[in-house]
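A quick write-up on the structure given underneath.
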């Protein structure tokens with residue numbers, strides 16, 4: 001992978017504006033709607049809106065120093081500290097009104113664009129890229145919240161997607177063994193977040209990985225075969241949670257064979273990647289299928305490494321920026337594309353749809369790469385590393401249909417609790433090259 005130039009100020013301005021336009025579309029509802037909490041897992045949309053502005057002001061106008069005075073009074077600003085106020089509590093806080101939040105965000109953005117325009121050409125612009133990423137990540141969070149909303153739909157059914165391709169579901173590709181470069185440096189990706197860095201060489205034995213993510217039809221076969229009722233496919237923690245939560249199918253699947261998506265009740269497309277499954281469900285499905293979940297290191301090698309050239313690709317298909325012909329990104333579709341829809345987006349090993357569509361659970365806990373150095377926002381990764389005391393997390397890779405193309409790359413690492421399923425997460429299987437069958441455990445019931 002060759003180094004990537006730091007974006008020019010005009011390109012940064014474009015990214016900031018695109019992110020804000022997307023945010024404003026997601027909050028283009030009346031005040032009562034923006035103040036609602038659709039689920040205790042999520043914030044009211046008006047909290048996300050003001051938090052986006054608060055973080056932008058903190059990092060781009062105040063140098064990341066909360067002691068420097070800002071536009072908000074300290075007592076108001078602390079309402080938007082995600083570490084102080086858990087999501088379930090935010091609906092009860094004396095938040096800015098929707099009109100106040102919009103004005104605050106607009107005032108901050110105007111000052112930020114002025115500051116960007118005055119920056120010297122050789123200035124460090126990492127904080128600007130970090131803020132773009134932060135806003136887009138909250139946009140995806142707001143889409144999760146809107147998907148949990150009950151009542152008449154607020155959003156349409158999404159833009160059209162290319163058709164899938166028969167014969168790819170359930171197939172796998174070989175990833176040769178050997179060393180590869182895991183992670184990136186800032187010279188490779190100027191806005192790579194701290195947990196993606198530094199680049200370093202690791203050796204990975206040969207393995208096979210699913211050509212495409214697991215589909216709804218494949219998941220239906222798991223259900224019909226009693227996969228949710230058979231203890232043998234589940235880990236101890238997974239079975240305990242499956243019984244506690246009464247899991248019988250992916251979230252938003254209805255007993256009549258339909259699903260509910262952003263308030264729309266519709267047939268479940270058999271060739272779409274399954275989404276809204278927990279890590280525990282993904283793990284159980286993999287065991288039932290005679291497979292396993294990939295490690296995140298395996299996933300990144302399958303996505304980015306080109307053994308023919310002995311170097312990383314910037315994207316699975318090469319170094320060219322994502323387009324609508326290569327991946328389903330940006331959120332407009334409001335759903336994953338059918339498997340096989342993007343053959344031109346395949347990685348060097350032949351894996352398809354590795355960026356976009358659904359986040360993919362891996363078996364890996366979140367750990368720092370050797371030589372990890374925290375970025376200016378030191379609380380982004382460190383509190384969530386394994387052993388840091390904030391809970392159990394598993395890494396997800398690849399982004400989803402809701403992720404913006406400006407911020408996604410093969411090295412991007414997401415993470416969540418293994419019980420979360422409101423996220424747009426699915427499954428891609430992996431196999432050791434010398435093992436293709438499951439090893440059933442004990443049978444049991446709840």
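Numbering starts at 1 and runs along the chain as it is shown here.
Placement of Cβ uses the backbone N, Cα and C atoms for every residue, glycine included.
Swiss-Prot annotations:
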BINDING   51, 134, 138  Fe cation binding site
BINDING   87, 88, 89, 90, 416, 420  gamma-L-glutamyl-L-cysteine binding site
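In the three-state DSSP reading, residue 88 (gamma-L-glutamyl-L-cysteine binding site) counts as helix. The distance from the Cα of residue 89 (gamma-L-glutamyl-L-cysteine binding site) to the Cα of residue 51 (Fe cation binding site) comes to 15 Å. By the criterion of other Cβ atoms within 10 Å of the residue's own Cβ, the least surrounded of the binding-site residues 51, 87, 90, 138 is 87. Cα to Cα, residue 138 (Fe cation binding site) and residue 88 (gamma-L-glutamyl-L-cysteine binding site) are separated by 16 Å. Each of the binding-site residues 88, 416 was ranked by the number of other C-beta atoms within 10 Å, and first place falls to 416. Sequence-distant contacts of residue 134 (Fe cation binding site), defined by Cβ-Cβ distance under 8 angstroms and a gap of at least six in the same chain, are 52, 55, 56. Annotated Fe cation site 51, 134, 138; additional same-chain residues within 8 Å of its Cβ mean position, judged by their own Cβ, are 48, 52, 55, 135, 137, 141. Using a 10 Å Cβ-Cβ cutoff, residue 89 (gamma-L-glutamyl-L-cysteine binding site) registers 12 neighbours.
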